[in-house]
Amino acid sequence: MRLLICLTLLGLVCGNPVQLTDNSIALQNTYDNYVLPGESFPTFYDVQLFFDPEYEASFNGTVAIRVVPRIATQEIVLHAMEMEILSIRAYSDLPSDDNLNENLFSSYTLATDDTHLLKIQFTRVLDALQPITVEISYSAQYAPNMFGVYVSRYVENGATVSLVTSQLQPTFARRAFPCYDEPALKAVFRTTIYAPPAYNVVETNMPLRTDSLKSDRPGFTKHEFQDTLVMSSYLLAYLVSKFDYISNENNPTYDKSMKVFSRPGTQNTAEFALDFGQKNMVELEKYTEFPYAFPKIDKVAVPDFAAGAMENWGLVIYREIALLVQEGVTTTSTLQGIGRIISHENTHQWFGNEVGPDSWTYTWLNEGFANFFESFATDLVLPEWRMMDQFVINMQNVFQSDAVLSVNPITFEVRTPSQILGTFNSVAYQKSGSVIRMMQHFLTPEIFRKSLALYISRMSRKAAKPTDLFEAIQEVVDASDHSIRWRLSIIMNRWTQQGGFPVVTVRRSAPSAQSFVITQRRFLTDSTQESNTVWNVPLNWVLSTDVNFNDTRPMAWLPPQLAAEAVQVPGLQNAEWFIVNKQQTGYYRVNYDPENWRALAKVLNDTHEIIHLLNRAQLIDDSFNLARNGRLDYSLAFDLSRYLVQERDYIPWAAANAAFNYLNSVLSGSSVHPLFQEYLLFLTAPLYQRLGFNAATGEEHVTPFHRNIILNINCLHGNEDCVSTAETLLQNFRDNPTQTLNPDIQTTVFCSGLRGGDVDNFNFLWARYTATQDSSEQSILLNALGCTSNADRRDFLFSQVIASDSQVREQDRHSVLVSAINSGPDNMNAALDFVLENFANIQPNVQGLTGTTNILNAFARTLTTQEHANKIDEFSNKYANVFTAGEMASVAAIKENIAASITWNSQNAATVEAWLRKNFGTDGASTVSASITIIISAMVAIYNIL
């Protein structure tokens, strides 16, 4: 019945369409090029869609596209994916045309390959620049994998409720309606949605027209929306639901309409999103000096969503856990993530929506700026969160994935849908954001801000390339009194068009000299690999005689050369130590001569607070990674790390935790591993006493993150008090599940309780997981369940990844394996065997377009042995023909990282063992034991005083 109604209406809209038999014309496309030929472009779309969430098989639609040929042509080429074309009509769009009502349509071919090209032929040659309108009616399947238009579900009062929503970025607008699905081909969109009357919340990018609600078709209500501004097709969004909302209508802190839609009964959890979202938009408008363009910016929390969120212009869609805050359930980490994601998506309203990329080769023009501003703009609203301090930790994390030869550059040419999706990786996000932060500092913050304001105003509603950005910045630099050594495009082309990053080695030219000798090499985790890639590197430094970490402007530049460069440094001869790269604002590592490393270790162990906390984090991260790479003796890194027993700030400890996690992986099972564990317990003892399991009233925002690091180290590495306390807390929680257990420590407590293999603990937590509808609680539980050491329960958990009746949402299934991979060697090896055996079934069940890369990237951080290398080779050979571009890149990174770890064992294991045995073995046991007692007593006393 509904299908007949839809088809009847399509006939009325299209006039007298030519009926087609799809089987006779669905031909294999012969285009070698995935990019549209560019011989025509759209200016206007009128899209009508029929959505019924209860009829989950398919939906119908019609689209009328105003098309302008660039040249005289007899065909146009656009995109359509996984749909049946029902009819096509084409006619002249010029009132002066004598044949205005003539149907120009002749035939069409629809590619069955992944080009998704729809070629439409006409009865005559179309004149250049003379517009026509092409009307297409079609039937399409709801997307099975949350990319396109799809159905999501939730349970309310025991009944399943369905809704329709969408995710069209990057290449899935073509799955919603035939269109020119490339970001540069912008147009105005008019949308009409037909939906059953029971679905009271029907939304798209623009508000409803004043006379929009009409019941002109039985069983459907017609919702007509205002025309958009010129925009890309991937930014469209749809929602047909029974949601409720809160809004800023009665108490606005921002002058545009904002609503937050979510499941009925969850409106109280949307208050933070509404409040922070408005304040964040105000700050972004101030910063960019450019007003938000649409009349509304609504936010939607949906139960099933592939990404964390999507910046659709005017209707931003989020996964529930990325938007809703439940007091007593949402962790501090999740709350911070919500703030970051809201800021990220708000930023896209300028970087991506107002100014979009010319093609997905330049994904970073969207995602790099959104990554930078997700911290920077959050910091403008909530400075107490210390987001720009935490940014350095995120940069250090991306160093790991950027330190392999196979990594792609920031600007990376892509053509196929698989390649395009693969560009949405850590390079486009975290690396690009880090390079943008470096640019902010070497330009100065005010020149950077003015440059972005000029870029946005100049490129508004246009498709941009990096040259457009660089030219705007250069114009502002030229008008200022600030100078840089080269033109900006020369500097930035090396950072954006080459993969990887440098390690800058700095030495005194002589013991009493006033100059540095500086060289650069590409930093690669595998020390057996080499590269001649070089960069234009901004340099600044601090001397022990002039400790000023605040001025981060360049004091010199390192040219793009392998040869050594001499840099004059007045006063160097009087300095006991020096540090290059203030606040780690430059995207590079720094190595020194052994004498300077020893001097830095001394000052850290004596008076560490004289060094900026971000540079303390830098010294920890650089030293251990340089040692891992074979460029620094591990004994120097360990000597420096001793100071951590005095370190109270979270940021250096986050850097240290990453270094220690790698060492734990490569040392696990070795005879020296117990000594390494002893060292970690020694370093964390004062903080374990100070932080414990209980949160203090009014503690700093980042303290829960710090507490989790300390508790995880202690419970994992044998602190009996930590293990017994965690087990007691879990048992008390089981005995009284309604009691309050700080959500910030729940994953640690649950994980510790599961490591013992207790089946009852697992069953209790699994029952809670399946019973709760709260996405925050589900995340906590799923991340803990992977810690189980019970093989039977682990196998059951893994089965949920591929089971047809899985109780884990598709978007979360990859977390089952990731949590197991991260929990320890036994579960990691079990997960590897499971993936090796079942990857073909895993792909379509874990949000296959991105979930598998999350799993593979977790392996890239943890696999270390020759046995692992053999299994990955087997895995690669077995599934090579089904890998996506992103999966292939992840597998290549795994292989490089394993090779580096095998090299590590031959080059570094003996040095690490010698240092640990000297300091924590039989030879040093009595001295260390006495030192531990004295230091811990002193530190606890100091902490209690402070």
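Each residue, glycine too, has its Cβ placed from N, Cα and C.
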Can you pick which of GLU320, GLU367 Swiss-Prot lists for the same Zn(2+) site as HIS344, HIS348?
GLU367
According to Swiss-Prot, the disulfide involving CYS751 connects it to which residue among CYS179, CYS715, CYS787?
CYS787
If you check Swiss-Prot, which of CYS179, CYS722 bonds to CYS715 via a disulphide?
CYS722
Among ASN60, ASN312, ASN550, ASN605, the one of these recorded positions whose Cβ has the fewest neighbouring Cβ atoms within 10 Å
ASN550
Given the recorded positions ASN60, HIS344, GLU345, ASN605, find the one whose Cα is closest in space to the Cα of MET310 (substrate binding site).
GLU345
DSSP-derived structure type at ASN60 (N-linked glycosylation site), helix or strand or else coil:
strand
Integer Å distance between the CA atoms belonging to GLU367 (Zn(2+) binding site) and ASN550 (N-linked glycosylation site)
28
Which one is it: of the recorded positions ASN60, GLU311, ASN312, TYR429, whose Cα lies the shortest distance from the Cα of GLU367 (Zn(2+) binding site)?
TYR429
Other C-beta atoms that fall within 10 angstroms of the C-beta of TYR429 (site 'Transition state stabilizer')
22
Cα-Cα distance linking GLY308 (substrate binding site) and ASN605 (N-linked glycosylation site), given in Å to the nearest integer:
41
Enumerate the residues of the same chain, HIS344, HIS348, GLU367 excluded, that satisfy the criterion Cβ within 8 A of the mean position of the Cβ atoms of the recorded Zn(2+) site; list them in sequence order.
GLU311, GLU345, THR347, PHE351, GLY352, ASN366, PHE369, ALA370, ASN371, PHE373, GLU374, TYR429
Express the distance between the Cα positions of ALA309 (substrate binding site) and GLU345 (active site, proton acceptor) as a whole number of Å.
7
Tell me the Cβ neighbour count for MET310 (substrate binding site), meaning other Cβ atoms within 10 Å of its Cβ, over all protein chains shown.
23
